[in-house]
Structure formats: structure tokens, C-alpha cells
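Asks: Feature list, courtesy of Swiss-Prot:
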BINDING   Thr110, Ile111, Thr237, Ile238  K(+) 1 binding site
BINDING   Gly112, Gly239, Phe240  K(+) 3 binding site
CARBOHYD  Asn59  N-linked glycosylation site
CARBOHYD  Asn65  N-linked glycosylation site
INTRAMEM  95-115  intramembrane segment
INTRAMEM  224-244  intramembrane segment
REGION    110-115  region 'Selectivity filter 1'
REGION    237-242  region 'Selectivity filter 2'
TOPO_DOM  1-19  topological domain 'Cytoplasmic'
TOPO_DOM  146-193  topological domain 'Cytoplasmic'
TOPO_DOM  284-408  topological domain 'Cytoplasmic'
TRANSMEM  20-40  transmembrane segment
TRANSMEM  125-145  transmembrane segment
TRANSMEM  194-214  transmembrane segment
TRANSMEM  263-283  transmembrane segment
Amino acid sequence: MAGRGFSWGPGHLNEDNARFLLLAALIVLYLLGGAAVFSALELAHERQAKQRWEERLANFSRGHNLSRDELRGFLRHYEEATRAGIRVDNVRPRWDFTGAFYFVGTVVSTIGFGMTTPATVGGKIFLIFYGLVGCSSTILFFNLFLERLITIIAYIMKSCHQRQLRRRGALPQESLKDAGQCEVDSLAGWKPSVYYVMLILCTASILISCCASAMYTPIEGWSYFDSLYFCFVAFSTIGFGDLVSSQNAHYESQGLYRFANFVFILMGVCCIYSLFNVISILIKQSLNWILRKMDSGCCPQCQRGLLRSRRNVVMPGSVRNRCNISIETDGVAESDTDGRRLSGEMISMKDLLAANKASLAILQKQLSEMANGCPHQTSTLARDNEFSGGVGAFAIMNNRLAETSGDR
């Protein structure tokens with residue numbers, strides 16, 4: 001990547017590094033603010049709970065003529081049993097086949113509720129290697145799901161946009177029949193907005209959470225709010241473990257419930273993962289806007305350099321080049337690959353296998369264009385694409401949304 005820098009700072013800070021440092025600083029501030037809010041909300045409740053527990057412990061010790069040390073020793077034994085999966089109420093076995101299957105599901109999905117953990121040395125060693133392969137495979141699965149989801153959403157929204165143009169008479173019927181005229185078609189540069197995609201994913205996530213909560217509330221005995229809370233914690237793979245579904249020994253229609261629980265968690269994790277990646281585009285736009293505001297006081301030469309074509313960056317719409325050329329991703333220069341390797345994004349298989357010039361995003365875009373009847377066009381402006389065939393989830397959404405396209 002070109003070493004364009006910002007004038008503030010002694011060494012003309014590289015743009016990618018400036019964005020990385022700005023994001024790191026904002027995350028630290030976000031953590032400090034979150035800690036302050038949670039401390040204000042939860043600290044008093046924690047102190048009250050501790051006071052109630054000390055009173056109950058003293059009353060029980062006096063009522064049964066037990067010393068506090070003896071009672072605490074017994075409670076430590078119970079804590080050890082709890083870590084091994086033993087509960088006061090009757091719960092399902094943790095390490096039969098179905099319990100172990102639930103456990104490996106929480107491992108590879110990175111949810112990690114924590115209600116079941118390996119206790120043997122062999123189990124802990126196996127978990128390290130099992131999780132290394134399993135978590136990597138699941139991340140790949142989520143990325144492939146995101147790729148197909150973005151393609152489907154873009155196809156549906158483009159079809160709706162075409163129908164609207166036809167009804168208004170802005171799009172002749174014949175223009176869509178001739179595949180050779182795709183490059184001059186009125187929709188050649190049209191892409192769905194990331195805001196609409198975010199709204200669709202948010203609606204889908206809420207719908208799945210509400211339906212799952214309606215199932216958990218009567219079966220698990222949770223309140224509806226607690227069920228919604230569990231859905232977010234599980235679907236986002238935070239996985240605190242304070243609430244865990246399908247842990248009782250017996251349920252009505254047990255097989256059906258466990259299957260539905262698996263399906264809801266799988267769908268929820270996929271949707272929330274996709275939503276997080278779409279939101280990250282908006283966060284990156286905001287970072288670029290902040291960087292431009294911070295650099296607005298620079299000399300005119302620096303400002304002209306700031307407005308030049310950017311690589312590997314999502315720019316707000318107010319300063320994007322609004323040409324109508326559809327920019328592809330397969331003409332990216334090798335310098336872009338080097339820049340991405342230095343940026344805050346993950347390195348893709350394209351970077352690891354230099355001989356393979358077609359990345360996941362390029363293949364996906366080519367397939368989409370073939371499905372739409374448009375021949376693949378290689379543009380000389382590809383090296384100026386703002387995502388330049390990026391990597392990871394960014395590569396999947398590259399040039400598929402209006403805000404990730406270099407032609408805006």
C-alpha cells in the first residue's frame with residue numbers, strides 16, 4: 001500500500017496505522033465507559049447479595065451448631081462438585097454422548113458457556129487441538145454463510161429496484177434482455193446500501209430471538225426478558241453461562257426441543273455474526289470521517305493527498321468518487337496485498353497462496369455477475385477500489401454494498 005501519511009505526528013503516520021490507533025483508543029474509552037456504567041448498575045446489588053449470604057451463613061451456623069470454618073469447608077466441596085457438573089437439582093449428564101455433543105458445539109462456535117469443562121489432563125490436551133481446528137472451520141463456515149447471505153440480499157434488493165424502475169418507466173424492458181449491454185445498463189453501478197442490509201439482518205436477528213424466547217420461556221421456566229437476554233449472549237458467542245438451555249434431565253418432547261434449540265442457536269449465531277460484520281463497516285466509515293476531521297487543519301498539500309484514491313478503506317459517501325463505472329477486484333496490484341498485510345485485517349488465502357489470483361470475494365462477485373447475465377469486466381480503476389479485494393469478512397462484502405464500492 002502506498003505510504004500516504006497524515007501530517008500530525010513526527011513521522012507522518014500511515015493512514016491504516018492511524019485508523020488502527022484511533023480504533024484502539026476508542027475501544028479503550030469504550031471499555032472505560034462500559035466499566036463505569038456496569039459498576040454503577042451492579043456494584044450495589046453485589047454488596048446486597050454478599051450481605052444476605054453472610055447473614056444466611058451465620059444463621060445456618062448457629063441453628064445447626066456448626067463452626068463457620070466447618071461450614072465453609074463443606075461449601076468448598078460443593079464448589080468443586082459444581083465445577084464437575086454436579087448440581088442440587090437433577091440435571092442431564094454432562095459427558096454422555098448428547099452432553100458431549102452440546103459441549104463440542106459450544107467449543108467450535110466459541111460460545112463457551114462454561115457449565116461443562118474437561119477435568120482430565122487428556123481432555124484438556126485434546127481440547128486445545130480440537131478447538132484449534134474446530135474454531136477455524138466454524139469461522140470459515142460463518143464467512144461462507146455471510147457471503148451467500150449478502151449475495152441473496154443483494155439479488156433480491158436489485159430485483160425490487162428493477163421492478164420499481166420499470167413501474168416508473170425509467171428502465172426499458174429491453175435493456176435487461178441483452179446481456180451484451182450490461183455495462184451500459186442503468187443498473188450497472190447500483191448496489192444495495194449497507195443500511196438496508198443492516199436493517200434486514202437486525203430484523204432477522206430480532207425475529208429469531210423472539211421466536212426462540214417464546215420457546216425457552218415455558219420449557220426452561222425463564223422469564224421472557226431472561227430468554228431474550230440468553231439469546232443475545234448465546235447468539236453473539238459471549239456465552240456467560242449464567243443461563244444455559246437444554247440442561248435439565250427431562251423435558252416434554254425432549255428430542256424435538258433439543259433439535260429446535262440447536263437450530264435456533266445456529267441461525268442466531270449466523271445472523272448476529274453477519275450483523276456484527278455489517279456494523280463494522282459503519283464503524284470504519286466513522287473512523288475515516290474522524291480522521292478527515294482531524295486532518296482538516298493540515299496544509300493544502302496534505303489535504304489534496306487525503307482526497308486521492310484510497311485503498312483498503314471504506315469512505316463516507318460525501319467524498320467518494322461518484323462515477324458510474326463498476327469497479328472490479330481482480331486487478332488489484334501486489335502493493336495492495338502488501339498494504340493489507342500491514343493493515344488491521346486478517347490475511348486471506350489469496351495472500352497465503354500467491355499463485356491463486358482469485359480470492360473468495362472475486363469468485364463470489366463473478367458468480368453473481370454471471371447469474372445476472374453480466375459479463376465479467378476488468379477495470380483499470382480496480383487498483384483504486386477502496387476495499388481492493390480486502391480480506392476476511394470485508395472481502396466477502398467487497399463491492400457488494402454501496403458503502404464498500406469504489407464507484408461511489
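Don't overthink the numbers, they just go from 1 along the chain as shown.
Every residue gets a Cβ built from N, Cα and C, even glycine.
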Asks: Roughly how many Å lie between the Cα atoms of Phe240 (K(+) 3 binding site) and Ile111 (K(+) 1 binding site), rounded to a whole value?
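Replies: With the alpha carbons as reference points, the distance is 8 Å.
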Asks: Out of Asn59, Asn65, Gly239, which of these recorded positions is nearest Ile111 (K(+) 1 binding site) by C-alpha distance?
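Replies: Checking each of Asn59, Asn65, Gly239 against Ile111 (K(+) 1 binding site), the shortest Cα distance is to Gly239.
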Asks: By CA-CA distance, flag whichever of Asn59, Asn65, Gly239 among the recorded positions is nearest to Thr110 (K(+) 1 binding site).
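Replies: Ranked by Cα distance from Thr110 (K(+) 1 binding site), first place goes to Gly239.
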Asks: Helix, strand or coil for Asn59 (N-linked glycosylation site)? Use DSSP.
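Replies: Where Asn59 (N-linked glycosylation site) sits, the three-state DSSP reduction gives helix.
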Asks: Tell me the Cβ neighbour count for Ile238 (K(+) 1 binding site), meaning other Cβ atoms within 10 Å of its Cβ, over all protein chains shown.
Replies: 13
Asks: Taking the center of the Cβ atoms of Thr110, Ile111, Thr237, Ile238 at the recorded K(+) 1 site, which other residues in this chain have a Cβ no more than 8 Å from that point?
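Replies: Going along the sequence, the neighbours come out as Thr106, Ser109, Gly112, Ala234, Ser236, Gly239, Val269.
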Asks: Using a Cβ-Cβ cut-off of under 8 Å, list the residues of the same chain that are 6+ residues beyond the ends of the intramembrane segment (224-244) and lie near it.
Replies: 106, 109-115, 205, 208-210, 212-214, 216-217, 264-265, 268-269, 271-273, 276
Asks: Looking at the recorded positions Asn65, Gly112, Ile238, which has the shortest Cα distance to Asn59 (N-linked glycosylation site)?
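Replies: Answer for the nearest of the recorded positions: Asn65.
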Asks: Using a 10 Å cut-off on Cβ-Cβ distances across all protein chains shown, tell me which of the recorded positions (Asn59, Asn65, Thr110, Thr237) has the largest neighbour count.
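Replies: Counting Cβ neighbours within 10 Å, the top one is Thr237.
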Asks: So what sits near Gly112 (K(+) 3 binding site) in its own chain, CB-to-CB under 8 Å and at least six residues off in sequence?
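Replies: When sequence neighbours closer than 6 are ignored, Gly112 (K(+) 3 binding site) has Thr106, Thr237, Gly239, Gly241 within Cβ distance under 8 Å.
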Asks: Going by DSSP, how much of the region 'Selectivity filter 1' (110-115) is helix, how much is strand and how much is coil, in residues?
Replies: 0 helix, 0 strand, 6 coil
Asks: Radius 10 Å, atoms counted are CB only; among the binding-site residues Ile111, Gly239, Phe240, which position scores highest?
Replies: Ile111
